[in-house]
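S.K.: Heads up, here are the entries from Swiss-Prot:
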BINDING   Arg83, Lys95, Arg239  ADP binding site
REGION    239-244  region 'Important for transport activity'
REPEAT    8-101  repeat 'Solcar 1'
REPEAT    112-204  repeat 'Solcar 2'
REPEAT    212-298  repeat 'Solcar 3'
MOTIF     239-244  motif 'Nucleotide carrier signature motif'
TRANSMEM  10-37  transmembrane segment
TRANSMEM  78-102  transmembrane segment
TRANSMEM  110-130  transmembrane segment
TRANSMEM  180-201  transmembrane segment
TRANSMEM  215-235  transmembrane segment
TRANSMEM  275-295  transmembrane segment
Amino acid sequence: MSTDKKQSNFAIDFLMGGVSAAVSKTAAAPIERVKLLIQNQDEMIKQGSLDRRYTGIVECFKRTAADEGVASFWRGNTANVIRYFPTQALNFAFKDKIKAMFGFKKEEGYAKWFAGNLASGGLAGGLSLLFVYSLDYARTRLAADSKSAKKGGERQFNGLVDVYKKTLASDGVAGLYRGFLPSVVGIVVYRGLYFGLYDSLKPLLLTGSLENSFLASFLLGWAVTTGASTASYPLDTVRRRMMMTSGQAVKYDGAFDAFRKIVAAEGIKSLFKGCGANILRGVAGAGVISMYDQLQVILFGKTFK
């Protein structure tokens, strides 16, 4: 393949992956915010921004709508779209580039081929995280910035820029990267399973009449997303709880310290708070990966691999 052809395919991968991600993430913003509120509620109670725990997904929706209005469900979505566009675009674009480096073919053995897919997916996700972590931090702080404890009260942050300004003033650059190490581990586990399993299972399951089926592709993507997100969810909780301590007097000494203290004070179940909402949110992730494949088939008559 010529250099021009490779660059053209790379640009198509980058654009289509990013657009699909941005659209899906915006559609899933309400459940995304509910997930973050439930996940971080114990930290929010400590900080005085939440007066009592949420009893479930529906109750969280009701309370948030009553206290903050329906539009508040998209709080933090701007940062999420800005973050998610390059994250997914880079993942989709570099996934195949990195996979090509391993040079494993299915004929060489399924286990070796599967391991190559797993490694390439994890590495692609880990690399993209280096560039967008501070946006993920800002999105988390905005989404978890509730004012339900005091109706009509002031929020901690007025917007994306304000998150950066206040965090840099109180904690410096380190504050924007709090929870980064467990994030790296989590992103490798999640993305490795996300891309690795999808690429490995797709040619086995989506064959014959199911090969170009949007529903079949969507269901496979949802199943893979659900499994990957559940497996890495405790790491996600630890990193976000660490993020919430930036600007606070008391902080965790590290990921292990956060894990130990959360389990000791709240029980192991606390690591999975919001997991139900996260599974529902996985519909968006499944939509992204299936839309990516379907758009390529519709526009170009094939997928770019």
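Each Cβ is built from the backbone N, Cα and C atoms, and glycine gets one as well.
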S.K.: Using a Cβ-Cβ cut-off under 8 angstroms and a sequence gap of six or more, which residues of the chain neighbour Arg83 (ADP binding site)?
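M.R.: Non-local contacts for Arg83 (ADP binding site): Val132, Leu135, Asp136, Arg139.
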S.K.: If you measure every Cα to Cα pair among Arg83, Lys95, Arg239, the residues listed for ADP, what is the largest value in Å?
M.R.: 24
S.K.: Would you list the DSSP helix, strand and coil counts for the residues of the repeat 'Solcar 3' (212-298)?
M.R.: 71 helix, 0 strand, 16 coil
S.K.: When you scan the chain for residues with a C-beta under 8 Å from the transmembrane segment (78-102), skipping those not six or more beyond its ends, what do you find?
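M.R.: Beyond its ends, the transmembrane segment (78-102) has Cβ neighbours at 10, 13-18, 20-22, 25-26, 29, 32, 116-117, 119-121, 123-125, 127-129, 131-132, 135-136, 138-139, 142, 160, 163, 191, 195, 199, 288, 292, 304-305.
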S.K.: Helix, strand or coil at Arg83 (ADP binding site), per DSSP?
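M.R.: It is helical.
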